[in-house]
Amino acid sequence: MSNQLPVINLMGPTASGKTALACELYERGNFELISVDSALVYKDMDIGTAKPTREEQELYPHHLIDIITPLEVYSAAQFVEDACALIDEMHSRGKTPILVGGTMLYFKALLEGLSSNLPSADANVRAAIEEKAANEGWQAVYDELVAVDPAAGVKFKVSDKQRIIRALEVYHITGQPITKLQAEQPKNVPYRYTFHNYALLPDRVELHQRIEQRLSKMWDIGFLSEVESLIEKYDLDENLPSMRSVGYRQALEFLLKSDMSLKKKQEMEDKALFATRQLAKRQYTWLRSLQEIHDFKTYLTIKQAKEDLRNSYG
């Protein structure tokens, strides 16, 4: 049975304007905001994640922001558990949740569920896989995956490091290919919700301009200093999920090397810009695949989205 109140999912690539749109919608009705962003969960990572400021969060409170340290891990399964608990609590108070963000894996997990009995992550198994990658290269790790799970080898590329690690982790723990388990296992889907799905998909040229503006501002307001503070406060390394976030990965690599010349700094900024554009490209791909399965309304401009959502909820 569905709740009478809906769950609004507002998705879009990075820098598309979705957060500002959600905040405007928040002002117009009986809503609460839930962040769907794998980087915003981390404390002390503010500038590089374009996290709403304290003042903005006081005006527009977001759930699932600043909930763990950069040393901790937050999974899609944990997100679904936390989000469902928040949705139920909001509905009990007569509020309509707005889930806003760009982590499409989280949205997919919420909309479609997760395989119910895949094993949890095992730090020791992961460390062994990463050690093999460091010693022998990712091609050797990928070849191992192809040998034990050919179907996963077809789905993944050598560059899909996290997916390869997870697939091998599942195999080493269970002795079975992850693709076989995923095909066989039932999924826990929160059918009790009525999802209203909206996506901002701006023109890519315009989006790239917005990304450049965001990164330029990020450097200007002290992003490198933020990462330096993180290095001083936490025992960071590049394999932590938090440090795989775009911008942070490139800044950490730059700051941990001895050559911090202007040339290397510019190279780092260029790498961060390229990585952010690639992230947006992947987010577009995820959104298109979700649209093939679920009902969506898509908008090419923020103006178009504002007008339609005002009519629907304002």
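Backbone N, Cα and C atoms are what each Cβ position is placed from, and that goes for glycine too.
Residues or ranges marked as ATP binding site in Swiss-Prot: Gly12, Pro13, Thr14, Ala15, Ser16, Gly17, Lys18, Thr19. Among the features that Swiss-Prot reports, substrate binding site is placed at Thr14, Ala15, Ser16, Gly17, Lys18, Thr19. The annotation region 'Interaction with substrate tRNA' is assigned in Swiss-Prot to 37-40, 162-166 on the grounds of sequence analysis. According to Swiss-Prot, the feature site 'Interaction with substrate tRNA' maps to Thr103, Arg126, an assignment based on sequence analysis.
Swiss-Prot feature annotations superimposed on the structure.
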residue : record                                 : DSSP (3 states)
Gly12   : ATP binding site                       : coil
Gly17   : ATP binding site                       : coil
Thr103  : site 'Interaction with substrate tRNA' : coil
Arg126  : site 'Interaction with substrate tRNA' : helix
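Sequence-distant contacts of the region 'Interaction with substrate tRNA' (162-166) (same chain, six or more residues past either end, CB-CB distance under 8 Å): 121, 126, 129-130, 138, 141-142, 145, 152, 155-156, 178, 244. The shortest Cα-Cα distance between Thr103 (site 'Interaction with substrate tRNA') and any of the binding-site residues Thr14, Ser16, Thr19 is the one to Thr14. Sequence-distant neighbours of Thr19 (ATP binding site) (same chain, 6+ apart, CB under 8 A from its CB) are Ala50, Pro52, Val100. Of the chain residues outside the substrate site list Thr14, Ala15, Ser16, Gly17, Lys18, Thr19, Gly12, Pro13, Ala20, Gly102, Leu200, Arg210 have their Cβ within 8 Å of the site's Cβ mean position. Each of the recorded positions Thr14, Ser16, Thr103 was assessed for Cβ neighbours inside 10 Å, and the highest tally belongs to Ser16. In sequence order, Gly102, Leu200, Pro202, Leu207, Arg210 are the same-chain residues whose CB sits within 8 A of the CB centroid of Gly12, Pro13, Thr14, Ala15, Ser16, Gly17, Lys18, Thr19, the residues recorded for ATP being left out.
Applying DSSP to the region 'Interaction with substrate tRNA' (37-40) sorts its residues as follows: 0 helix, 0 strand, 4 coil. The distance from the Cα of Gly17 (ATP binding site) to the Cα of Arg126 (site 'Interaction with substrate tRNA') comes to 36 Å. The number of other CB atoms found within 10 A of the CB of Gly17 (ATP binding site), across every protein chain shown, is 18. Every protein chain considered, the tally of other Cβ atoms within 10 Å of the Cβ of Ala15 (ATP binding site) stands at 24. Within the group of recorded positions (Lys18, Arg126), the Cβ with the highest number of other Cβ atoms inside 10 Å belongs to Lys18. Here the Cα atom of Lys18 (ATP binding site) is found 34 Å from that of Arg126 (site 'Interaction with substrate tRNA').
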